[in-house]
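S.K.: If you look up TrEMBL, you'll see 1-28, 348-441 marked as region 'Disordered'. Taken from TrEMBL, the feature compositional bias 'Basic residues' applies to 1-15, 432-441. Look at TrEMBL and you will find 37-328 tagged as domain 'Protein kinase'. What TrEMBL lists as ATP binding site is Lys71.
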Amino acid sequence: MPPKKKAAGKGRAPSKRQLAEEFPPGEVLTDTGKKSWKLGAPIGQGGFGLLYLAHENSAKPVGADAPYVIKVEPSDNGPLFSELKFYMRAAKPDRIQSWVKSHKLNVLGVPRYWGSGLHERGGKRYRFMVIDRLGTDLQKKFEECGRRFPRKLVLQLALRLLDILEFIHDHEYVHADIKASNLMLGHSDPDQVYLVDYGLAYRYAPDSVIKEYKEDPKRCHDGTIEFTSIDAHKGATACRRSDLEILCYCMVQWLCGRLPWEDKLQDPLYVRDCKIRSQENISEFMNQCFSSQDKPEEIQRFMEEVKSLGYQDKPPYEKLRSILQAGLKSIRAKDDGTLTFPAVSGAVSPAAKKTTKRKKAAAEEEEEENEADGQPIKKKRVAKKKEVNGVKKSPAKTNGPKKVCGTGKVGDAKSRLVEMGTQTSPGLALRSRGRPKKTSA
Ligand SMILES: Nc1ncnc2c1ncn2[C@@H]1O[C@H](COP(=O)(O)OP(=O)(O)OP(=O)(O)O)[C@@H](O)[C@H]1O
């Protein structure tokens with residue numbers, strides 16, 4: 001990550017973090033490999049930047065069928081930087097292709113990286129990254145399905161996620177923020193699911209040397225509060241077992257609608273203790289979540305297996321797959337490669353909370369600035385004007401997990417978007433992927 005901005009001197013106003021301005025369709029960006037890309041309509045907004053449809057540069061305008069997206073952020077914000085590192089190390093198309101081949105997969109749900117670079121406009125510098133364009137996010141599907149996914153679908157999603165996790169773990173990274181709003185269906189193939197948002201991804205084994213377990217009180221509860229791992233609650237950096245533990249909580253939420261600690265997400269110690277207790281007595285946890293007729297035995301077995309993993313252990317991916325396959329067999333289902341979402345209209349849920357590495361860094365940076373200015377440390381901000389480039393926007397609805405401990409700026413940016421549509425489609429108002437506005441811890 002580029003160096004953090006130094007704290008402003010006493011008496012100086014805190015420096016303002018920039019959000020990317022909206023570029024007009026047709027803007028041409030040239031990547032570090034000298035390849036030119038043309039921007040189309042913006043289709044999403046993240047914490048610090050915008051996401052546009054894109055195509056290789058040509059005389060034609062970029063249409064609704066564009067196969068790529070470009071994420072653009074002001075270059076001195078830095079947040080795209082760590083995500084970019086992941087994509088450059090792990091997600092080059094030939095690397096993914098050879099993994100798919102050697103592991104006999106049909107597809108691997110990691111968006112491919114096509115290029116990146118710096119772009120200047122109006123005297124400002126922007127960082128950009130080109131990746132595959134994807135479709136709807138699973139949080140939206142979850143809400144549409146009345147916050148329940150059928151067992152077959154959950155087991156299929158978990159099988160896809162095991163493939164993805166095995167790949168990213170093998171490339172020295174853990175994701176650390178798996179959840180429905182970070183899972184997106186393919187744009188051209190909605191039966192594929194992709195894990196996105198590597199802003200929190202952590203390189204747990206740089207140059208194959210696995211990090212030691214170490215608790216850092218400043219990092220406690222990193223991640224999305226309802227799903228984050230016990231390791232993260234304790235302030236340890238994420239490891240391979242953390243990703244699997246997070247996956248367990250996602251599966252349980254998808255199956256039964258809610259996790260037992262969801263009523264008190266504003267109390268991270270309570271959430272941590274509930275998770276510790278559930279791990280100590282998985283059978284009791286299952287009783288809390290499921291009725292005796294609905295209890296999915298494979299989830300309990302999966303959780304027992306994950307619980308047995310040490311901090312540095314490599315997960316037994318194949319064994320975990322076979323547990324999920326046994327679950328499918330027990331309901332006389334097969335992983336037939338089709339993801340079927342039942343059509344039920346569901347209510348929008350209360351949002352949960354999260355701290356991301358990038359937002360936490362931003363919060364810390366802002367704290368430094370405030371401290372240096374002699375101002376009280378604020379983690380929550382009042383929403384700012386809801387306007388993008390002169391166009392008034394309604395605040396985005398939050399239908400997914402929220403982030404804890406922010407500057408408020410991410411929420412501000414997202415609150416300028418309108419939530420619409422079922423796909424990230426051009427012409428629709430921008431919306432966030434169910435990633436929620438932040439609140440203070
Ligand atoms: N590859 C993609 N194809 C299509 N839409 C995408 C893709 N990746 C992300 N999006 C959409 O763009 C929005 C912004 O994504 P982005 O990863 O920048 O933000 P975020 O994850 O919500 O925020 P942050 O990473 O800053 O926490 C998402 O909410 C999603 O709807």
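Here the Cβ of each residue, glycine as well, is placed from N, Cα and C on the backbone.
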S.K.: What same-chain residues, at least 6 away in sequence, bring their CB to under 8 Å of the CB of the residue listed as 'ATP binding site'?
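M.R.: Result: Gly46, Gly49, Leu50, Leu51, Leu80, Phe128, Met129, Ile131.
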S.K.: Tell me whether Lys71 (ATP binding site) sits in a helix, a strand or coil according to DSSP.
M.R.: strand
S.K.: Mean pLDDT for the domain 'Protein kinase' (37-328), as a whole number?
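M.R.: A mean pLDDT of 96 is what the model gives the domain 'Protein kinase' (37-328).
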